[in-house]
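As annotated by TrEMBL, transmembrane segment applies to 7-29, 35-56, 96-115, 121-142, 163-183, 195-217, 229-251, 257-277.
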Amino acid sequence: MAKTKVTMYISFVANIINVIGNIIGVYVLKAGVAGVAYPSLISRVFSAIIITILCFNKKLEAYYDSKDIFKFDGKMLKRILNIAIPNGVENGIFQLVKVALSSIVAMFGTYQIAANGVAQSIWSLAALIGSAMGPVFITVIGQCMGAKDVDQAKFYFSKLIKWSLAFSIVWNVLVLAMTPFILQFYNLANETKHLIIILVIIHNIANTVVFPLSGPLSQGLRATGDVKFTMIVSIASTVGGRLVLSIILALGLYLGVIGIALAMCGDWTIRAIIFYYRYKSNAWTKFEVI
């Protein structure tokens, strides 16, 4: 509905609530981790309440109607669950693998654990383009397929892939250039900082070339209704690629957190190759959205 500014404003206010709450909880109330947890909960409840209230606005193209909330439409529910369940399973497996990888990282030395933690913060910054382009793929491709305009979907698929790659190159180079400056704010040993830079280089190279085809492109495929294929590939790649490669590289070859970073890039590469082949095969054109 072209209301992305609304969600951005809500997210902005929620983050302010979270940050101010953390400051009060940790430094004023001396509540420790509870001083961090409660503001996070409050900020999320705030977002949920505001979004729900706005969804009842009848001026919107699509809105909640209190009369329809408890109506049961079996056919529509089945269509929705056909998309929701594969996504839920995929995300659940991914989170379980993250827990397993965290336990592997905990086996390494203190400086590697510290380097991995800081590197992940910088990775999150570098991943902004991929995170932003994912919803763009879902919205644009989903609307094209919903209108049964396959030619338009093909056109925007090609265009969005090019934009994702171009924006990713510029942004990841910029983040990599900023990394030495960012590290000045951390009181870390030179050995740790050196490892962080290596991890950021590994991540940003893959995030520039590979991730646009493994992340945002997969979101576009899901928007066409091709959810089961993306789920199977993602789960197989996460377990067989990221987890198994992490064990081999990090523990078997003693590469530590560098091995885990390389395994992550390997996971993205596997997905990118398969999803790009799926996109070029036009198999996704045979599916229907809700």
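Even glycines carry a Cβ here, placed using N, Cα and C.
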Is it the case that the transmembrane segment (257-277) and the transmembrane segment (121-142) touch, counting contact as three or more CB pairs under 8 Å in which the residues of each pair are 6 or more positions apart?
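Between the transmembrane segment (121-142) and the transmembrane segment (257-277), which are separate recorded stretches, there is no contact, as judged by 3 or more close Cβ pairs.
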Which one of these stretches, 121-142, 195-217, 229-251, has the most C-beta pairs shorter than 8 Å to the transmembrane segment (96-115)?
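Stretch with maximum Cβ contacts: 229-251.
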Quick test of the contact rule: Cβ under 8 Å, at least six residues beyond the ends. What residues does that give for the transmembrane segment (121-142)?
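Apart from its flanks, the transmembrane segment (121-142) reaches 153, 156-157, 160, 163-164, 167-168, 171-172, 175-176, 179, 182, 196, 199-200, 203-204, 207, 211-212, 215-217, 219-220, 222-224, 289.
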